[in-house]
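Under the heading signal peptide, TrEMBL lists 1-30. TrEMBL lists 53-398 with the feature domain 'Peptidase A1'. Per TrEMBL, active site is recorded for Asp71, Asp272.
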Amino acid sequence: MAAASRWTPAAGLLLLLLVLLSLAANPSRAATPARSSTAVFQLQGDVYPTGHYYVTMNIGNPAKPYFLDVDTGSDLTWLQCDGPCRSCNKVPHPLYRPTANSLVPCANALCTALHSGQGSSNKCPSPKQCDYQIKYTDSASSQGVLINDNFSLPMRSSNIRPGLTFGCGYDQQVGKNGAVQAVTDGMLGLGRGSVSLVSQLKQQGTTKNVLGHCLSTNGGGFLFFGDDIVPTSRVTWVPMARTSGNYYSPGSGTLYFDRRSLGVKPMEVVFDSGSTYTYFTAQPYQAVVSALKGGLSKSLKQVSDPSLPLCWKGPKAFKSVFDVKKEFKSLLLSFASAKNAVMEIPPENYLIVTKNGNVCLGILDGTAAKLSFNVIGDITMQDQMVIYDNEKSQLGWARGACTRSAKSILSSFP
């Protein structure tokens, strides 16, 4: 789903038109992962001004670094690729160059999964390769072929280098193609489908089908595959709900402002690290805006800012959200699917301060972005460990600082 395009942070929700297989790899057929089989990665980026969080993945033989946008809202990982490239952005690293023997054939099970999600039994012009095309609702797209290569994964004792299937994208339509330097080289798809990297790692017996991230409000954070560092206490757990797009959803939540109900019907919610901002459909969005405006003092004046649609200025320029936090109240989402399952959304989880010194609302109108559900994006997931447990079909979150280094996390394993 990859909302609020990483390419243009204020753009609409990135929603795969191709829906990959509805279930992760079948546990009964997968090998059992070894103990302490967790990989931990350092993240870079922020909500503002970068517009996304990304990880450095070392791919190939010899391994070369690539920046990949962390996206729990889509399944397919892909790199802008010299295959040769028809249409590519300026990217941070030299374009990935595939080898002839890295092509995934059309008969491969992951190719079949990809195409069945597109409603077609066969879209291969040649049996020797598996073509793909994905489109997102902000008009971004990637077209290419599936390939297999080695990914270096930092484990506790050593790096391992499993062969994983991903997209070699030779035709991207992203923003002003070629005119703007892209922050990342491609996408890291971590959704629920079998093409997702975590599903592939589970199928190979490398890690359990569990992932999590901790996004720091100061920028950076960490990402992990496997369940070794999942806390045993203080985590709010809810069962994953089924959605039409097979996204990570905690089900329907009731929205409160300053612990008072906003009077809107329960909202279907999706967690998506590919969305910079949070999106509410028309009714809850308007209710939040009205409640916020009703509680502001006269010292704040609404102002136009190119960063986001709704912004205010104060008597002097703000330097951080904490300068203005007292003017705003917390939101709460209460989920009926589990007892006491509440996600608190304090002002720092829905506001940004722009380079102009204005404070802006990081909750956007999802109906205007053609969404039929509500998206919890990066801004609202900051300073929380968010856990996507596909083994137990549950989602969890626990508030805490996200500034620990990947190296210190790996060294603290039992």
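Cβ atoms here come from the backbone N, Cα and C positions, even for glycine.
When other Cβ atoms within 10 Å of the Cβ of Asp272 (active site) are tallied across all protein chains shown, the result is 29. The two recorded residues, Asp71 (active site) and Asp272 (active site), have Cα atoms 7 Å apart.
Asp71 (active site) counts 28 other C-beta atoms within 10 Å of its own C-beta, drawing on all protein chains shown.
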